[in-house]
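Engineer: Next up is a structure, given as structure tokens.
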């Protein structure tokens, strides 16, 4: 018996010394990663986009509630996918397992071509705006300074995620508690004012004069963007402790909490601000604070900035795992499937995002980025849940520790495809560009993955560069299978 225990102890010690991603994410960090990435800049910026495209206070609140319900339905579908397939990688893994390598590669392609850089740019620009603008109020803040602060925020988050998984996880938990405090700080004065009878902005709440069918999908895109992030936990399945229990519990608790908070925050906004004032505001939360929290008005931009920082940290923690898994499957250069030999972080995958994010911060416009990204993101989410339904039909006996009701899965998939199709009519320019950029991945897939057609000389140069990068970054492939 003693010999067996000694052997087990030695094996555990050896595993601890080997290069691999460890299971370090429990229930609290899991909840923090979902809430912390969902509650980013969206709730402080998107209310303007939702109201602008829905046309009335009542309909905008309905859009927020429906977006929350739709996001919960999607999160439940991803809870089934996350407990059915044990690999990290989120969308990429589920498309690979259910629909095959081409859709999976295209998802990976668009993620790092424009989805992730655009999302990070959107949040980082909001971070920069909320840090800088209070110092220049009531004048306009210099755009160059906002972008500089945005770049500094991204650099800080990249450094944390390169340094330590544990540090990134603890940072996320801390920032999540701060951002929930910020939401409570907005909700309480709004509810108090509402209780005192301040309801004039809710009169004639469902006026349909300004509603047009072609703009309604854009209202949902803005709302759904604010809920975006419910799928991030599935990117790190291999690092979650007891994923079959933790993933469903974290997803359900997080999304119900976020939906309730989001609706209450918007009610608070409309209690203190008229629709016209909200549309004129460049920073909705700051305008609200100046009205309702005069003694704490200077604190709110700081809290919102920290909220954006939490969303950045969550995104940089989980998104490189998709690239990591894609490289492990042979769909991306092998250097990106390597992790730092001492830090145990996917260093190359994290660093790849940095230059593309810098480029988009310097060139992007914040509202155009939402519509540009949303088409590809929701199209592939719809494909993933469609793949889940096909997989259920083809493999009815496959173990599914968590199974979402069929009506929820079908409803979510149909609504996603409907919104995606309608967006081609509502915003043909941005969605068309998004579609074209997605399709550019098809020839890349057939040239580099399906049949490797690069000239031999190029391969030699590529392999030599990969080896030099591996030495420079001190990275190696995992020595233990984690799925």
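Cβ from N, Cα, C; glycine included.
Just so it is clear, the model here is predicted, and its values are computed rather than measured.
Below are the features I grabbed from TrEMBL:
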TRANSMEM  25-45  transmembrane segment
TRANSMEM  57-79  transmembrane segment
TRANSMEM  113-132  transmembrane segment
TRANSMEM  144-165  transmembrane segment
TRANSMEM  177-195  transmembrane segment
TRANSMEM  215-235  transmembrane segment
TRANSMEM  247-272  transmembrane segment
TRANSMEM  292-318  transmembrane segment
TRANSMEM  345-363  transmembrane segment
TRANSMEM  369-390  transmembrane segment
TRANSMEM  402-425  transmembrane segment
TRANSMEM  431-449  transmembrane segment
Engineer: So, taking each listed stretch (57-79, 113-132, 431-449) in turn and counting its Cβ pairs to the transmembrane segment (292-318) that are under 8 angstroms, which one gives the highest count?
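Structural biologist: Of the candidates 57-79, 113-132, 431-449, 113-132 scores highest.
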Engineer: Do we see three or more Cβ pairs under 8 Å linking the transmembrane segment (369-390) and the transmembrane segment (215-235), pairs being at least 6 apart in sequence?
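Structural biologist: With 3 or more qualifying Cβ pairs, these stretches touch.
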Engineer: Can you tell me which of 25-45, 57-79, 113-132, 247-272, 345-363 gets the most C-beta pairs within less than 8 Å of the transmembrane segment (402-425)?
Structural biologist: 57-79
Engineer: Can you say which of 25-45, 57-79, 177-195, 215-235, 345-363 has the most Cβ pairs under 8 Å with the transmembrane segment (247-272)?
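Structural biologist: Between the stretches 25-45, 57-79, 177-195, 215-235, 345-363, 57-79 has the largest tally.
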Engineer: Cβ under 8 Å, sequence separation of at least 6 from the ends of the transmembrane segment (144-165): give me the contacting residues as numbers and ranges.
Structural biologist: 21-22, 24, 120-121, 124-125, 127-129, 131-133, 171, 239, 308-309, 312-313, 316-317, 320, 340, 343-345, 347, 350-351, 353-354, 357-358, 361-362
Engineer: Within the same chain, where does the transmembrane segment (57-79) have neighbours whose Cβ lies under 8 angstroms from its own Cβ atoms, ignoring anything closer than 6 residues to its ends? I mean 6 or more beyond.
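Structural biologist: Distant contacts of the transmembrane segment (57-79): 47, 50-51, 90, 94, 201-202, 205-206, 208, 211, 219-220, 223-224, 226-227, 230-231, 234, 247-248, 251-252, 254-256, 258-259, 262-263, 266-267, 270, 275, 381, 384-385, 388, 402, 404, 408-409, 411-413, 415-416.
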Engineer: With CB pairs under 8 Å as the measure, which of the listed stretches 25-45, 113-132, 215-235, 431-449 comes out on top against the transmembrane segment (345-363)?
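Structural biologist: Comparing 25-45, 113-132, 215-235, 431-449: 113-132 has the most Cβ pairs near the transmembrane segment (345-363).
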Engineer: So, do the transmembrane segment (431-449) and the transmembrane segment (25-45) meet, by the test of 3 or more Cβ pairs under 8 Å (sequence gap 6 or more)?
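Structural biologist: Answer no: the transmembrane segment (431-449) and the transmembrane segment (25-45) share fewer than 3 Cβ pairs below 8 Å.
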Engineer: What else in the chain is close to the transmembrane segment (113-132), if you only count residues 6 or more beyond its ends and a Cβ gap under 8 Å?
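Structural biologist: Those are 40-41, 44-45, 141-142, 145-151, 153-154, 228, 282-283, 285-286, 301-302, 304-305, 308-309, 311-312, 315-316, 319, 353, 356-357, 359-361, 364, 366, 369-370, 372-373, 376-377, 434, 437, 440-441, in sequence order.
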